[in-house]
């Protein structure tokens with residue numbers, strides 16, 4: 001279990017860390033007059049395209065090894081393009097290539113988790129992958145902070161070797177599953193369990209006559225899901241995981257989350273605490289520019305902790321409570337919007353009260369965001385197979401892979417929508433602050 005957890009943690013960490021490095025380096029990658037939002041767009045849109053298109057367009061079995069090697073090459077090439085070309089177009093192209101690879105990689109690792117049995121092992125792999133994606137936020141920001149002094153060419157160029165960890169982990173560390181979770185037999189405590197596990201081939205890529213595949217049962221018949229099969233599988237997921245607020249689990253969570261981070265947090269500014277009145281705060285905040293990095297550090301830390309909840313043994317959120325993180329984040333968005341625009345406390349009040357409230361709310365935001373991510377994918381991973389196809393091992397396998405892969409686009413689409421929404425929100429909140437005599441946002 002240690003090797004499995006370590007492997008999926010590294011998969012999540014390395015797959016997402018380049019995304020964070022690019023965002024952290026945004027100021028250094030484009031000319032001063034270029035909107036920094038274009039970096040965020042090119043860092044998100046290609047990943048969304050991969051998550052939307054790949055599960056629905058491709059048919060047949062997944063060749064995990066070949067796909068992961070392809071992602072590694074694409075990520076490394078994209079970062080090298082960013083490092084060695086100075087033109088804006090080429091740098092955006094490199095960012096887009098790395099983003100597409102990251103989106104496809106996340107999709108692939110989540111699908112790979114469904115190949116492990118029993119369900120407790122599959123859930124273990126999802127939990128550690130989510131923990132790795134959470135750690136990427138902290139590690140990526142720290143790495144760029146350490147290497148930014150070397151310049152874009154050297155700093156980003158060095159980061160291009162990081163994707164090599166993925167194939168090394170896949171071949172040298174990741175244990176092959178002892179059984180193939182492809183039928184309702186994997187759910188040993190359920191009455192539908194009827195078919196024994198099917199042992200996995202050691203190298204599924206050696207199996208002939210398949211469109212995609214790895215870690216596969218030896219000699220299966222050719223099966224591929226049709227468009228109607230995929231629509232049949234997606235329909236219940238739309239209601240359970242991907243529709244708006246009344247039934248929402250995943251899409252609104254990133255919308256609220258990233259609107260707060262990109263549209264509201266940059267305007268949560270206060271006078272610099274004096275050493276006499278606030279000796280502790282004055283050691284952390286030395287200028288108005290320190291507030292936004294502080295909010296991001298608080299957010300990234302709490303996201304990492306909450307995405308690690310399942311991997312450290314905290315029970316998953318009950319299915320009926322999955323909408324709760326999004327509802328809480330909606331409330332946080334409203335409160336922080338009010339604080340930014342009008343202020344929760346009167347102007348003469350000590351700014352430490354406002355800072356403490358914002359610190360608490362952003363911590364809660366990060367906990368909700370990380371909890372939504374890990375619990376949604378854990379629940380999908382644990383969904384039992386359809387009794388109508390439980391007798392067909394290969395079809396059940398592909399259905400499980402497709403279901404967990406088809407939901408991933410909701411997260412990226414929410415982030416992309418939030419990136420568009422955040423720009424006018426930040427401008428509007430700053431104008432409102434100026435209208436009441438608070439000019440800090442204009443000084444950044």
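Each Cβ is built from the backbone N, Cα and C atoms, and glycine gets one as well.
Where the annotation comes from TrEMBL, it is an automatic prediction and has not been curated.
Lifted from TrEMBL, the feature list:
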- 7-26: transmembrane segment (TRANSMEM)
- 38-56: transmembrane segment (TRANSMEM)
- 68-85: transmembrane segment (TRANSMEM)
- 125-145: transmembrane segment (TRANSMEM)
- 151-173: transmembrane segment (TRANSMEM)
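Among residues of the same chain six or more beyond the transmembrane segment (7-26), those with a C-beta under 8 A of the stretch's C-beta atoms are 36, 39-40, 43, 47, 71, 75, 79, 82, 95, 98-99, 102, 105-106, 109, 113, 125-126, 128-137, 139-141, 143-145, 148, 152, 155-156, 159, 162-163, 165-166, 169-170, 173-175, 311. Within its own chain, the transmembrane segment (151-173) is flanked in space by residues 3, 6-7, 10-11, 14-15, 17-18, 21, 25, 28-29, 64-65, 68-69, 71-73, 75-76, 79-80, 82-84, 101, 105, 143-144, which lie at least six positions past its ends and keep a Cβ under 8 Å from the stretch. Same-chain residues lying 6 or more positions outside the transmembrane segment (38-56) and placing a CB less than 8 Å from one of its CB atoms are 19, 22-23, 26, 29-30, 92, 95-104, 106-107, 227, 230, 262, 402, 405-406, 408-409, 411-413, 415-416, 419. For the transmembrane segment (68-85), the residues of the chain that approach it from at least six positions outside its boundaries are 15, 18, 22, 29, 91, 93-102, 104-105, 108, 152-157, 159-161, 163-164, 166-167, 170, judged by C-beta separation under 8 angstroms.
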